[in-house]
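Worksheet: the structure to be examined is printed underneath.
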Amino acid sequence: MNNSTPTANGNDNKKFKGDRPPCSPSRVLHLRKIPSDVTEAEVISLGLPFGKVTNLLMLKGKSQAFLEMASEEAAVTMVNYYTPVTPHLRSQPVFIQYSNHRELKTDNLPNQARAQAALQAVSAVQSGSLALPGAPTNEGTILPGQSPVLRIIIENLFYPVTLEVLHQIFSKFGTVLKIITFTKNNQFQALLQYADPVNAHYAKMALDGQNIYNACCTLRIDFSKLTSLNVKYNNDKSRDFTRLDLPTGDGQPSLEPPMAAAFGAPGIISSPYAGAAGFAPAIGFHQATGLSVPAVPGALGPLTITSSAVTGRMAIPGAGGIPGNSVLLVTNLNPDLITPHGLFILFGVYGDVHRVKIMFNKKENALVQMADASQAQLAMNHLSGQRLYGKVLRATLSKHQAVQLPREGQEDQGLTKDFSNSPLHRFKKPGSKNFQNIFPPSATLHLSNIPPSVTVDDLKNLFTEAGCSVKAFKFFQKDRKMALIQLGSVEEAIQALIELHNHDLGENHHLRVSFSKSTI
């Protein structure tokens, strides 16, 4: 799209009559370049985060639509939001401008029944008159003074649920301002603040009791007593989407500059771990509401993402990566010390690594192919910005869809390795405990599978010989097969994990090493 005039919002390919300026604000919006298979509900979902949608006219033959908002103010907010961030429907960019019409009169037009049904379904959810199963009927109206903050507890956490996943799901119901995640009473919990209590209200109505993935990760949602959240750090535990300038806090990988532009952009995950676990995401509205309209606000079908306001995803300028790609480009490696096996072990903490290729002509760069896109995203979030062998590692999504193995007889120096059948994959087994124990790199490592004959000194010596300074060590009281070891720095711990994960301790026991969330 070549924006010759910034105000034209994508209209530069069609000159206005006599080049008149764009229309003055109106509560009726004109949408162009709409994909032919888009449903009424999907078009309505573009307007929902900004206020009530009062009417809709689809001109399918012309790939256009008119959307009427309840107020001019809501329409202005919507146009302002979508001017820098082009909304997408079905992966196609859609262009929005004010209409010449001041209201939509559609009563006498043919084919309006579907649009009216979609509008009624959405307004029923918004006003709370739609009885959702399991929701007491008195929850139907918004109480004065109700908080825009939700408290979310996730039960049956068989698969990791990240801040990004929560942002992706809850953004369907309005603009999410802040999220804080934490573990309390051994449960994964979150506090999530919307711009408006209305959004919190109908997110709770629609999502409480739903599973994020089939048969697991059940959402339990209540209104928080807090009316506002105070976020100090932007990292994988907490995020303020209105403040891109916040520090990441200690030991957290900082975001790449191009990623900072897309902060809070979960647009790359389509269904976390669905590939790895074979679990399709379960949230779909039709079964929740008994409605045949598939997309009550931007239906959480299989949690796929339209990059509209509903997800707050922004285009990442200059990032050549493909969203949904499972191949990472890793740069700024130490060419003298890095090996395919080392990258396999390190990236294997965040997903199952299938292939690794260190570039033949530029050995500080490598490609790492993960089992699926969500694992690639997780590894990128946790490892980019960490120090390894004296250099700050950078990870971004690659333009390549897969890592090619060298042809027979092709010179490769053993720089390309296929690990797809490795016995060391941590996430092969659906429901494995490893899914719950994914933490950012830390100076404290969790050790397991220690045989009874191995002593504190044996383990301390093992790490000292690997070049680490051991600051503290303790066995778990209940289970001497596990221990925590605290090293001099996060970089030492990363290098120790690469070197000593799967180290043979004798008695047919291979040491297992992970990053720990605890300190000693």
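Heads up, the Cβ atoms here are built off N, Cα and C, so glycines get one too.
Taken from TrEMBL, the feature region 'Disordered' applies to 1-24 (among others).
The compositional bias 'Polar residues' annotation in TrEMBL covers 1-11.
TrEMBL lists 27-111 (among others) with the feature domain 'RRM'. Taking H, G and I as helix, E and B as strand and the rest as coil, DSSP gives the domain 'RRM' (27-111) the counts 25 helix, 26 strand, 34 coil.
TrEMBL lists 150-226 (among others) with the feature domain 'RRM'.
For 326-400 (among others), the entry in TrEMBL reads domain 'RRM'. When DSSP labels each residue, the domain 'RRM' (326-400) comes out as 19 helix, 24 strand, 32 coil, counted as helix, strand and coil in that order.
Counting same-chain residues at least six beyond the ends of the region 'Disordered' (403-423), those with a Cβ under 8 angstroms from any Cβ of the stretch are 327, 340-341, 344, 353-360, 363, 367-369. What TrEMBL records for 403-423 (among others) is region 'Disordered'.
Positions annotated as domain 'RRM' by TrEMBL: 443-518 (among others).
Residue counts of the domain 'RRM' (443-518) by helix, strand and coil are 21 helix, 22 strand, 33 coil (DSSP-based). Residue counts for the domain 'RRM' (150-226) under DSSP, split into helix (H, G, I), strand (E, B) and coil, are 22 helix, 34 strand, 21 coil.
Restricting the average to the domain 'RRM' (150-226) gives a pLDDT of 86.
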